[in-house]
Every structure is written in structure tokens, then in C-alpha cells.
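Trainee: Questions regarding the structure given below will be posed in turn.
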Amino acid sequence: MVWLPRVPCVAAVILLLTVLSPPVALVRDTRPRFLEYVTSECHFYNGTQHVRFLERFIYNREENLRFDSDVGEYRAVTELGRPDAENWNSQPEILEDARASVDTYCRHNYEISDKFLVRRRVEPTVTVYPTKTQPLEHHNLLVCSVSDFYPGNIEVRWFRNGKEEETGIVSTGLVRNGDWTFQTLVMLETVPQSGEVYTCQVEHPSLTDPVTVEWKAQSTSAQNKMLSGVGGFVLGLLFLGAGLFIYFRNQKGQSGLQPTGLLS
């Protein structure tokens with residue numbers, strides 16, 4: 001959630017400095033125009049558990065100065081903003097006002113608006129798969145794909161045989177889908193051993209309980225046996241279906257025949 005801009009705070013007033021040509025001018029005014037404005041943003045994480053206030057100063061579409069409540073002071077983005085940053089950081093009352101904006105501006109507006117907002121939550125879709133289809137006891141990368149969820153605060157953890165893995169984990173971070181949902185990939189670098197069970201656990205505000213998806217490390221022979229069993233089962237179903245079809249078709253044909261000699 002972002003609030004833009006602050007009113008009536010002078011720092012949030014959008015200043016448009018434009019030199020207009022006189023109405024009696026007969027030629028096009030080629031003098032330069034200048035645009036300077038300030039944005040005030042409130043970033044909320046898990047409600048108001050953590051609030052970040054950002055104030056950005058932009059001149060001709062280039063940010064030159066900002067205040068970040070996580071930093072606690074003004075920082076120059078370009079040399080143009082350095083004099084103002086040094087000046088305002090030397091004035092305790094200005095810094096105190098900016099730091100207090102987390103409560104006086106962000107949390108204040110959140111508490112008012114929260115009563116009228118509908119909380120949108122979308123449950124994530126979780127899948128687990130290896131990046132390589134190679135034999136066990138070789139280096140591999142297990143991927144936990146978490147997609148189409150909202151809001152963006154999510155926790156993804158890897159377990160091996162019930163014990164949490166804390167090393168060898170790589171994440172893409174949050175990726176915006178462009179439709180108000182997010183996705184992320186959390187990968188575990190490991191050397192799978194036969195019989196090991198890897199579990200990806202996902203916690204999200206839309207879920208009452210964590211979602212867990214398992215991946216079992218199996219040898220090539222075990223996988224072949226499983227595939228053979230599945231293939232045999234499917235083949236058996238096909239033969240059963242064909243047999244039932246022939247049986248019911250014959251039954252229907254016999255019921256349609258009437259013995260000769262009946263009186264009507």
C-alpha cells in the first residue's frame with residue numbers, strides 16, 4: 001500500500017515551475033521548463049508489523065535525494081541532492097519529523113483506511129521437481145516453485161528427512177506476475193541419496209496451515225519398477241474397459257430378440 005503525496009506538508013507539494021510565453025508572442029518559446037516534485041510513500045509488511053516510510057525528491061525525472069525510515073536520515077542520490085541532505089541532517093527537528101512519519105503519517109492513515117479495505121488473499125500453487133534427471137548420488141538442484149499468490153509476504157523452507165536445511169538454498173526472490181500475484185523459486189543444492197525424502201514447506205497468510213510437498217529420492221531401478229507397475233495397471237484398466245464394453249453390447253443385442261410363436 002502506498003500513500004502519495006502528503007498534504008498539507010510543504011515537502012509533499014508538487015511544484016511545477018514553468019515559464020510560459022507571453023500571450024502576445026508570435027514565436028514559439030524555446031526556454032527550458034523545469035519539473036520538481038516530491039513523493040511520500042508508505043510500505044507495509046504484514047499489516048503494520050513493519051512500516052517503511054520513503055520520501056523521494058525528483059528533479060526533471062531524476063531522483064536526487066531521499067529519506068528512508070529504515071536508514072533514519074536523508075541520503076543524496078546524486079550530487080544535486082547532497083547540499084539539501086547535509087543541511088536537513090544537521091537540523092534535529094527536521095529529522096525527528098521525518099522519522100515520526102512512520103507513525104504520524106503511515107500508521108495513522110493505515111488505521112483509518114483499514115476499516116474500508118477488503119483484504120485480498122490468493123493461495124499459492126506449490127510444485128517440487130529436480131532440475132536434472134540423473135542417477136542418485138550426483139549433485140542436483142531441487143526446485144520448489146511457488147506461484148500465483150497474494151500478498152507477497154511468504155516463507156518457504158526446505159526439509160530433508162524431517163530436518164530443516166539451512167545451507168545450499170538459493171532463491172529468486174519475489175517476482176511480480178503483473179496481475180497482482182507473485183511467484184518465486186526456492187532451490188536446494190543437494191546430492192540425493194536413495195530413500196531420502198525432501199519436503200518443501202510454504203507458509204502464507206492465505207493458508208490456515210502450511211502447505212508441504214514431498215520429493216522422494218529413488219534409484220533408477222525403483223523408478224523403472226514403479227513405471228512398470230503404473231503401466232501394467234493402466235493396461236489392465238484398458239482391457240477391463242474393452243471387456244465390459246463387449247459384454248454390455250452383447251447383452252443389449254440379445255435383449256432385442258423375441259422368441260417366435262408369441263401371440264400379440
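Note: Cβ is positioned from N, Cα and C throughout, glycine not excepted.
Residues or ranges marked as disulfide bond in Swiss-Prot (evidence: sequence analysis): C42-C106, C144-C200. Residues annotated as region 'Beta-1' in Swiss-Prot: 32-121. Under the heading region 'Beta-2', Swiss-Prot lists 122-215. Marked as transmembrane segment by Swiss-Prot: 226-248.
Mind mapping these onto the model and telling me what they sit next to?
Mentor: A 10 Å cutoff on Cβ-Cβ distances gives C106 (disulfide bond) a total of 25 other Cβ atoms nearby, all chains included.
Using a 10 Å Cβ-Cβ cutoff, C200 (disulfide bond) registers 23 neighbours. In this structure, C200 (disulfide bond) is part of a beta strand by DSSP.
Here the region 'Beta-1' (32-121) returns a mean pLDDT of 92 for the predicted model.
With DSSP classes pooled into helix, strand and coil, the tally for the region 'Beta-2' (122-215) is 0 helix, 52 strand, 42 coil.
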Trainee: Counting only residues 6+ apart in the same chain, whose Cβ is under 8 Å from the Cβ of C144 (disulfide bond)?
Mentor: V126, T127, V128, V156, W158, L185, V186, M187, L188, C200, V202, V213
